[in-house]
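What follows is a single structure, written as structure tokens, with notes after it.
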Amino acid sequence: MSATLALTEQLIARASVTPDDQHCQQLMIERLAALGFECETIASHGVTNFWAVKRGTAGREGKLLAFAGHTDVVPTGPLEQWSSPPFVPTHRDGKLYGRGAADMKASLAGFVVAAEEFVAAHPQHRGSIGFLITSDEEGPATDGTVKVVEALAARGERLDYCIVGEPTSTATLGDVVKNGRRGSMSGELVVKGVQGHIAYPHLAKNPIHLLAPALAELAAEQWDEGNEYFPPTTWQVSNLRAGTGATNVIPGHADLLFNFRFSTASTVEGLQARVHAILDKHGLDYALNWSVSGLPFLTPRGELSNALDAAIRAETGLSPELSTTGGTSDGRFIARICPQVIEFGPPNASIHKIDEHIEVRFVEPLKNVYRRVLEQLIA
């Protein structure tokens, strides 16, 4: 069994349901410390994080490539629906089954073994290697990567490149990498009316009727046209509720929850202003609270994307598609202190599902891609 596969199995065997790390990080830290990494645990409100760095011969003047990822996994769902226990690594039909196999313990193992092989082959490497690992990516993500980024920023730590081990591949290893993600902004809208008997509408104000024209306009609005890297910004309603449940009462207010997934073609301030303008145009009496869970980030083609493309082609024969689709990731936090952030990992078809798995044949090439990028950028 390869070192990468063995470590993947060891990590899967630890039931690290978010935010419980179950000592996965300690296992990684022990391996990294043996290579000469300086390892620092950064805990926050029950979340375990660590930052590890091994300086190259150029010290802080050299480039720093960081691997970023998460040890936490989503809950298993009904255990009886799994073909084998989710935290017992199990091989069937050329696949390794277990919660976190694809998202993202194979990537974590690949990071560690790639670093081990690279340091053994290049003991005098010029650039530096970092690890930024959290147990709060699958949860609220309020005490994880963002806290490490804040700590690094406060001390002036600079990252030049970062690979996030998210499972970006689709049909096969290496067909897709993510060089950016859309931003996410939500709104909680309360439209105020006047409650009353449904038989006497002239004595009440129905907030649903008042909201409906504005809602139709918001749904039809084209917020932007996107750009070379991003599709157009989308606005979607996630929840609409009003009333007491009675059939003879006009509700006193209507509550609407909505979300923007927005590109670098729009700004938070611009989108908010346009929503308020539409609501105001319709004369609504309303309250609106905003929350921004992530800003969009984009890494244009450059040193990191070129190195990753070459490494993937060498291992798989594929030239990966650059994509910004999907939800948010911790890359949105890392982009604050790193100009080049790209996500790459195994196929994602089974993530978060019953019987999550990774094809065993992808484990070594995944590690090799990470090692090749190290060799190209910091050797």
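Note that the numbers count up from 1, one per residue, in the order the chain is shown.
Cβ coordinates come from backbone N, Cα and C, glycine included.
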Additional site residue, Asp103, Asp160, Asp330 [criterion: listed by Swiss-Prot with Glu138, His352 for Zn(2+) 2]: Asp103
Candidate from Glu9, Glu166, Glu188, Glu217 that Swiss-Prot assigns to the same Zn(2+) 1 site as His70, Asp103: Glu166
Cα separation, Glu138 (Zn(2+) 2 binding site) to His70 (Zn(2+) 1 binding site) (Å, whole number): 8
Glu137 (active site, proton acceptor) to Asp72 (active site) - Cα separation in whole Å: 7
Of Asp72, Asp103, Glu166, i.e. the recorded positions, those within 10 Å of His352 (Zn(2+) 2 binding site) when Cα atoms are compared: Asp103
Number of Cβ atoms other than its own within 10 Å, given for Glu138 (Zn(2+) 2 binding site): 22
Nearest of the recorded positions (Asp72, Asp103, Glu166) to Glu138 (Zn(2+) 2 binding site), judged by Cα-Cα distance: Asp72
Candidates His70, His352: member of the binding-site residues with the richest Cβ shell (10 Å): His70
